[in-house]
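Chemist: Please see the structure below; I have some questions.
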Amino acid sequence: MPGADSGEVQEKQLWDAAADKEQRLTPSRCNHARNVSQPEKKLQEAICVLLVELCERFTFFGIVCNMILFCTVRLGYRNYQAAIVNMCFVGTSMLTPVLVGWLAECLVGRTKLVCICMFLHFLGTALLPVVAFPFEDIYIDRRHILLHTLTKKEQKIVFYFALLTASLGIGGIRAIVCPLSAYNLEDCGPKELLSFFNWFYWLINLNSAVVFVSISYIQQSVARNLGFLIPFVSILMAMITIHMVRGEMIYKPKTDSSLLTTFGVIASALKTCCVRYRYFGGGVTNWLDHAKENYGGHYSEIQVESTKSLARLFPLFAFQILYRTCIMQIPSGYYLQTMNSNLNFSGFVLPIAAMNVISIVPLLILVPILECINSCLFSSKGSGRSPTIYIVVGQLSAALSVMVAGFSEIHRKHFPQVEQTLSEEILLVSSMPCFHLTPQYVLLGVAEALVTPSCSLLSFWLVPERIRGISMHFLTLFNGAGCFMGAFFVQTAHTGTQGNWFPHLLHEGKLERFFFFLASLMMVNTLGFWTIAHRYNNLNQEYTSEFRGALPEERLLKHDKDIKHYDSVLDCSPILSPVETT
């Protein structure tokens, strides 16, 4: 049947042609669908990252806001010990994102590590209200059940374990789920970056204001069962994170640079530098050049140049240590002052940590004003102006705040003492209303509004794009060092003065001397930064092309070819000029 065979052949050819046409149309349809869903996915990803960020900050501030009250009243700690514990917890929570980020990059997968960190975070936040914070007794079926059956020693062990696990969980969330690079800031200019950092910290501080008012009242008042809101928020955050993992929304950074590479460049340069100066003498313009392969090191040109641009920011980072120590007076020294002042306001006992809101209000007010100023600062005629003046003024405001705190302490001790009940404990406190401490809180709030966004901008903008995450890690490391520096100052002041400068009973000691000492150090710190601020004054592209270490690929290619050309000059005569070879 030849006719039938030819008909079958024609039908098969028609089917093949239709299949080929469908295959050609399918990719375009898929691309169209992908283009439609991509903006929606990015919006969903941004919302999830922001929600996780807010939930994490909610739990963090909920832990910090009344830790000193718990340590002094429930665990029987001295004031300086409670302040040290609080500052060390905050410092550890700043350092753990760097550690967890390194683990996620080198040892453990990001998905597995984020699940571990979420579990640790929930474990820590669940142990704190159940074991540590004051939930003394409950009633079940008319039977009185004592919840705290642990001894003081066992309670302290569980308390520290909960703080450690919570800080590790916080580090994982900040490093993996919501790093700064997840907000896609690579294409932003200085004006857009400063605007982003202003509103980013504005939103975080708005969240912290809600926490300080609500959680502090819950933990301090009769509505204690609502204190389990902290682990509930941790569960909510875990659910959002699981959704992000399933939807492949976890940000995966570029792996072309790492913190270990930066430390390796510095170590290699130091090692080679010492050997060369000892035996051969110096011969390079910058000591980090010793880490280059051309000078006996083990790292490429671009790796060393990136590290050099980062090293130029180290003075900026170093001057943030003492500033962060002053900021840490809010949950330590200022908290103790407020705790020992009259909290009664028209028959209502204010939560101690609610005074922190006074330091947040200036930031919430200043950000819209600063946005208008930034529009003039980054105008077309002065698009390269740097906000270093903000940092100088902010650090000066921090120094004045600590100085005012010293005078407020002298003023507070002139008032007679009265009894005040805090967490079912009767304490002798000054009758001075706590609102007399408002100026010192306001000045620190102004300082934070000016300094933190500006430092973030300089740390992010003045380095090549490939190491911006590393630069922000270093800023975090130095901020964490400021917290531990504050704990060191408290321990040294208490030990060196036998408890006089950081006393357990404030009316019997001289806490104001500690504040005056810290204010004098901060003034010197401000003057020191002012002398080097000119290094970061110009953000113009012409200047940053060298300062940021942005080496174009053409320049590197030409450099490599020039090296090969000069290496081979003894073997053969050049045919093409260096310009032609590029």
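Note that Cβ sites are derived from N, Cα and C of the backbone, with glycine treated the same way.
Grabbed the feature section from TrEMBL, which reads as follows:
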TRANSMEM  58-77  transmembrane segment
TRANSMEM  84-104  transmembrane segment
TRANSMEM  110-136  transmembrane segment
TRANSMEM  157-177  transmembrane segment
TRANSMEM  199-218  transmembrane segment
TRANSMEM  225-245  transmembrane segment
TRANSMEM  348-367  transmembrane segment
TRANSMEM  388-407  transmembrane segment
TRANSMEM  441-462  transmembrane segment
TRANSMEM  474-494  transmembrane segment
TRANSMEM  514-533  transmembrane segment
Chemist: Using Cβ atoms and a strict cutoff of less than 8 Å, what residues sit near the transmembrane segment (474-494) while being 6 or more residues removed from its termini?
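Modeler: Those are 80, 83-84, 87-88, 90-92, 94-95, 97-98, 310, 313-314, 317-318, 320-325, 327-329, 332, 455-456, 459, 501-502, 514, 517-518, in sequence order.
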Chemist: Are there at least 3 C-beta pairs under 8 angstroms linking the transmembrane segment (348-367) and the transmembrane segment (157-177), leaving out pairs fewer than 6 apart in sequence?
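Modeler: These two segments do not touch.
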Chemist: Count the CB pairs under 8 A between the transmembrane segment (199-218) and each of 58-77, 348-367, 388-407, 441-462, 514-533, then give me the winner.
Modeler: 348-367
Chemist: Which listed stretch (58-77, 84-104, 388-407, 441-462, 514-533) has the most C-beta pairs under 8 A with the transmembrane segment (348-367)?
Modeler: 441-462
Chemist: Residues of the same chain, at least six outside the transmembrane segment (441-462), with any C-beta under 8 angstroms of its C-beta?
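Modeler: For the transmembrane segment (441-462), the list is 180, 185, 190, 193-194, 197-198, 200-201, 205, 309, 312-313, 316-317, 320, 323, 326-327, 329-330, 334, 355-356, 358-363, 366-367, 370, 386-388, 390-391, 393-395, 397-398, 400-401, 404, 468, 471-472, 474-475, 536, 539, 544, 547-548.
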Chemist: Excluding the flanking five residues on each side, which residues at least 6 beyond the ends of the transmembrane segment (514-533) place their CB within less than 8 Å of a CB in that stretch?
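Modeler: Result: 315-316, 319, 322-323, 325-326, 329, 333, 388-389, 391-392, 395-396, 398-400, 402-403, 405-406, 409, 489-490, 493, 501-502.
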Chemist: Residues of the same chain, at least six outside the transmembrane segment (58-77), with any C-beta under 8 angstroms of its C-beta?
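Modeler: Long-range Cβ neighbours of the transmembrane segment (58-77): 83, 85-86, 89-90, 93, 121, 125, 128, 132-134, 152, 155-156, 159, 163, 166, 170, 207-208, 210-212, 215-216, 219-220, 229-230, 233-234, 237, 331-332, 335-336, 339, 351-353, 356, 422-423, 425.
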